[in-house]
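K.L.:
Take a look at the following structure, please.
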Amino acid sequence: MEEGPSNGGLLYHEVQEGKLCAVHCVNTVLQGPYFSELDLAALASDLDKQERQVLGGELQPEHGDFLVDGSHNVSLEGNFSIQVLQKALEVWDLEVVPLDAPALEESKYNPEELENAFICHQEDHWFCIRKVNGEWYNFNSLYPAPEHLSKFYLCAYLDSLKASGWTIFTVKGNFPKECNIPSESASGFGQWLMPDDAKKITESCNKQQVTRATDIERQEMDMLYATREDEDLNAAILASLLDASNSTSGYGTHISGTGESSSTLGNEAHISEATEDSTKNEKDNTEQEPASTSSPSVSVKNEDDPNIHG
């Protein structure tokens, strides 16, 4: 007889609360609200005590990440170390192993078939990738719902995470099959979803992101066009001012040129008048010369004159 789907086919997902991503990660690995932040804080305190006993007193800076807060295993903001996550999952007989361990060489190339859960960590964020009822989902608490991953995409996604500096662990053992589903999640930020509902939420959020991105792009384009219009207007105003300046300068030059031409014409007229006066005077003088010149007197003998005797 085949086993039915765990938890009636429901997916358990927790949405990010503060910096409690380690709590969300552990609970989505287990697929139920099994741990609270207080439970993990108690485990962190126990680990700190054990470390002090081993080290013989005070914790040293080189032995942990959160010493500034008085602990190697929990920060004041609620971030937990990998040791705390390991301790919590050990309660359920689950083992956390780095994916790059030599014993997991085959899992690097065939993770979708050989593994059931991964824990991913970078800086102060934890999230879980988990196989539930034969399908892979990304239970990142920054997402509003679990995101379905195809088997082919899973391998590529893990490779991209490693290339981006994420540390990846596998979780091995027998996972809980059923969780007593309360009417309200004990943690207050968990939710139970059918796969189809999770898909609808994811698609809806993706559409909203695309719409938001489109709106932002449209606003940026409007701002760009407005800037260009302002630049064009400023350029037109500048060109108009330059044209006006050139026209004014040309008009002054035209006036100056006209003045010079008028002066030249005036001089030419004056010279012409002077020439005409000179010519007229010469003519008058010529006409007056015969009257003033005296011709010698000539006596002509008239043969018919009776007073003349031959």
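These residue numbers are counts, starting from 1, taken along the chain as shown.
A Cβ is built for glycine as well, from the same backbone N, Cα and C atoms used for every other residue.
OK, TrEMBL features for this one:
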type	residues	note
ACT_SITE	CYS21	active site, nucleophile
ACT_SITE	CYS21	active site
ACT_SITE	HIS125	active site
ACT_SITE	ASN140	active site
COMPBIAS	249-266	compositional bias 'Polar residues'
COMPBIAS	270-286	compositional bias 'Basic and acidic residues'
COMPBIAS	288-300	compositional bias 'Polar residues'
COMPBIAS	301-310	compositional bias 'Basic and acidic residues'
DOMAIN	8-186	domain 'Josephin'
REGION	249-310	region 'Disordered'
K.L.:
Looking at Cβ-Cβ distances, which residues of the chain lie under 8 angstroms from ASN140 (active site) while being 6 or more apart from it?
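P.N.:
The answer is PHE127, CYS128, GLU147.
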K.L.:
Round to the nearest Å and give the CA-to-CA distance linking CYS21 (active site, nucleophile) with HIS125 (active site).
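P.N.:
HIS125 (active site) has its Cα 6 Å from the Cα of CYS21 (active site, nucleophile).
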K.L.:
Across all chains shown, how many C-beta atoms besides its own are within 10 angstroms of the C-beta of the residue listed as 'active site, nucleophile'?
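P.N.:
Its Cβ shell of radius 10 Å holds 23 other Cβ atoms.
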K.L.:
Looking at Cβ-Cβ distances, which residues of the chain lie under 8 angstroms from HIS125 (active site) while being 6 or more apart from it?
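P.N.:
Counting only residues 6 or more apart in sequence, the Cβ neighbours of HIS125 (active site) under 8 Å are CYS21, LEU142.
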K.L.:
If you average pLDDT over the domain 'Josephin' (8-186), what do you get?
P.N.:
89
